[in-house]
């Protein structure tokens, strides 16, 4: 084994642009405290979840089996008295597509909470019905009743279908009809709108929102565009809508009925090569539009966005948001969820790990990769890649990160977030001075190390291993 013989002081003068980009994106979606959005208070996930709930609006577990078992019926007829009671007219049955998509929407709720749905005429802890109407309700596109509204109302949802309004006739992945189904089912389960507003009651706007995150970027129970929170779910001129509950919806429904930890409790891949069995969690083409929040019960899990060519920003931390496949803030991770791995695509990606032992692959492009804590396995892929570290604890001796494809002259190891521009002194052996760094490389194994004594105790408190030799000029400090 040979040691680098260079003795130099390398300084970035300050934290690098790469570190600043990582740091900025990691805090972009911070919530709560004294933060504001558009002059409105910023709510934490827990605060937003509470905002979605209403006192007494929940089903009871009558048989004590630890979950809410609901039955449902697609109505085949409705009397004039029933229609009059709801202020509507022009009944029609759900078509085959509506029925199939309603089942998928219900499944998305049962995935995240202890709720089951069975098509049956009656029974269970509560009963739900679905039907269409052609006029009434002041032109509302759909409406539903929260539990506790009263007999003949609980579990009821209605959908406008006529020659002037057709989205509810053709619900499908990521379209407004599918979101409407999932939204209305959310009401029948006990979730309200995030604010005190309803369609047909005045002309509500985002100005009526109580808090800043009341948008469809955080909750599909919201009326307001994700653009209000600087997110963008449009691609190729087509807007995508969530087909399953989003980050705040998941927290809210779990407050009511508990979390379903049986969902995706094994090793699960989201995005490309998905094994979720859920259309809205899967991608097969660069043209796909993903809008989802990850709920995962356990295992070793992966966000695989390798099939996208756009520049992406991926964050593996719980309650975080990512920019995936040309959209902005379109993928989030629910509170309490750990996702271990992330795969970028062909663009210039920014990827942030968490404190688990992550596997991060940048793919093609000039990527910025930050593994954070844990013994991470890192691949930059083709291109000029920068591996960023923000604390000595990000890669400790005994739990060191390993870069599997380091190419000297193209790739960088960026420690400027630790040194804050103070630089490093490259030596052959530690001298007891803070900032001493030792580079080693063994040609026989093609393995190198970068060890740094940040504390000045004469031993390394930071260590990263490389497959491939790193030179002093490859280190940004």
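Start at 1 and count along the chain as shown; that gives each residue its number.
In case you wondered, yes, glycine gets a Cβ from its N, Cα and C as well.
Cross-referencing 394, 401, 411 with the Ca(2+) 7 binding residues that Swiss-Prot gives (381, 383, 385) picks out 411. Taking residue 301 (Ca(2+) 1 binding site) as the reference point, none of the binding-site residues 354, 356, 371, 380, 455 has a C-alpha atom within 10 Å of its C-alpha. For the repeat 'Hemolysin-type calcium-binding 2' (361-378), the DSSP counts in helix, strand and coil order read 0 helix, 6 strand, 12 coil. Measuring Cα to Cα from residue 380 (Ca(2+) 5 binding site), the binding-site residues that fall within 10 Å are 362, 411, out of 358, 362, 411. Across the repeat 'Hemolysin-type calcium-binding 1' (343-360), the DSSP tally of helix, strand and coil residues reads 0 helix, 6 strand, 12 coil. In the three-state DSSP classification, residue 187 (Zn(2+) binding site) falls within a helix. The local packing around residue 364 (Ca(2+) 3 binding site), expressed as other Cβ atoms within 10 Å of its Cβ over all shown chains, amounts to 17. Nothing from the binding-site residues 183, 367, 383, 453 places its Cα within 10 Å of the Cα belonging to residue 299 (Ca(2+) 2 binding site).
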